Amino acid sequence: MLADSSQPSSFHHVTVLQRELVEGLLPDRGGWFLDATLGGGGHSELLLSEWPNTQVIGLDRDPAAIAASQTRLQLYSDRVQFQHVNFANYQPGDRRFQGIMADLGVSSPQLDEAERGFSFRQDAPLDMRMDPTAELTAAAIVNEWDETDLANLIYQYGEERLSRRIARRIVEQRPFERTLELSEAIAGAVPRSYRYGRIHPATRTFQALRIAVNGELDALQTFLDRAPDWLAPGGRIALISFHSLEDRIIKHALRGDDRLTVITRKPLLPSEAEIESNPRSRSAKLRIAERVLPES
């Protein structure tokens with residue numbers, strides 16, 4: 001299903017670990033590849049442009065990303081297909097892929113477009129939905145969940161040690177409808193030393209809300225359970241994560257799956273040059289595994 005109401009020109013995502021990921025899939029073999037988190041299409045563009053014997057199916061839950069990628073990849077329209085779907089719900093049928101790639105987390109355009117409600121630095125409705133057709137919003141969680149559930153959410157998904165203080169302040173001051181209102185309330189709930197630390201005091205709470213709104217960790221686990229069966233023998237899966245919760249799930253899933261052999265004993269990290277040109281790449285980690293060949 002394709003979106004027709006998005007504005008592709010507003011969706012420009014800087015791809016992280018682009019060549020490391022694509023080359024890690026061994027694209028010289030050609031064949032079909034699955035881009036499970038299409039985003040702005042950067043990884044797929046590199047694959048399609050440098051390996052003409054490849055074809056791509058691109059998935060994304062965000063219709064704005066699909067629209068942007070259709071524009072970016074129009075030179076390869078005979079070799080790429082698009083589906084508006086969460087990768088956890090994808091059904092490949094009988095197709096088997098030589099490679100599967102996923103670049104997880106929120107994209108730069110989603111952060112930068114204030115109206116999406118992902119950023120605590122820009123005023124916007126408390127939304128945070130990657131798929132605008134989904135029902136649950138960040139406002140619903142903040143305004144309707146009880147204090148204990150909020151604290152547990154912020155602790156588990158945000159790894160925030162001050163989760164109880166923050167949840168108490170949210171309940172005391174709600175309802176909240178705007179991102180900056182919530183951000184300021186969180187900042188007021190924490191000690192002054194914490195308020196002016198290395199990261200903004202709302203960072204982890206906003207991460208927790210985003211993960212919950214979009215069901216990110218459940219979707220990732222479902223995808224990791226299913227994706228190895230979508231690979232041809234010897235095919236590879238490459239996954240980029242941006243925080244420890246994702247990376248922990250990926251590491252244990254790849255190591256514990258007898259359908260796969262782990263290629264990267266330790267995750268591949270961005271170079272200093274990439275971090276300097278794109279500071280958001282700093283926390284990225286790339287892990288790669290290969291589908292085990294059937295026993296003869």
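The backbone N, Cα and C atoms fix where each Cβ goes, and this holds for glycine too.
Residues or ranges marked as S-adenosyl-L-methionine binding site in Swiss-Prot (evidence: sequence analysis): Gly41, Gly42, His43, Asp60, Phe87, Asp103, Gln110. Remark: Phe87 (S-adenosyl-L-methionine binding site) has Ala36, Thr37, Leu59, Arg61, Ala102, Ala219, Phe223 as non-local neighbours, by Cβ distance under 8 Å and separation of at least 6 in sequence. Phe87 (S-adenosyl-L-methionine binding site) carries a helical DSSP state (H, G or I).
Listed in sequence order, the residues of the same chain lying 6 or more apart from Asp60 (S-adenosyl-L-methionine binding site) and placing their CB within less than 8 Å of its CB are Thr37, Leu38, Gly39, Ile66, Ser69, His84, Val85. A helical conformation is recorded for His43 (S-adenosyl-L-methionine binding site) in the three-state DSSP classification. Around His43 (S-adenosyl-L-methionine binding site), the same-chain residues at least 6 positions away in sequence with a Cβ under 8 Å from its Cβ are Thr15, Gln18, Leu21, Val22, Asp35, Met101, Asp103. Other Cβ atoms within 10 Å of the Cβ of Gly41 (S-adenosyl-L-methionine binding site), summed over all protein chains shown, number 28.
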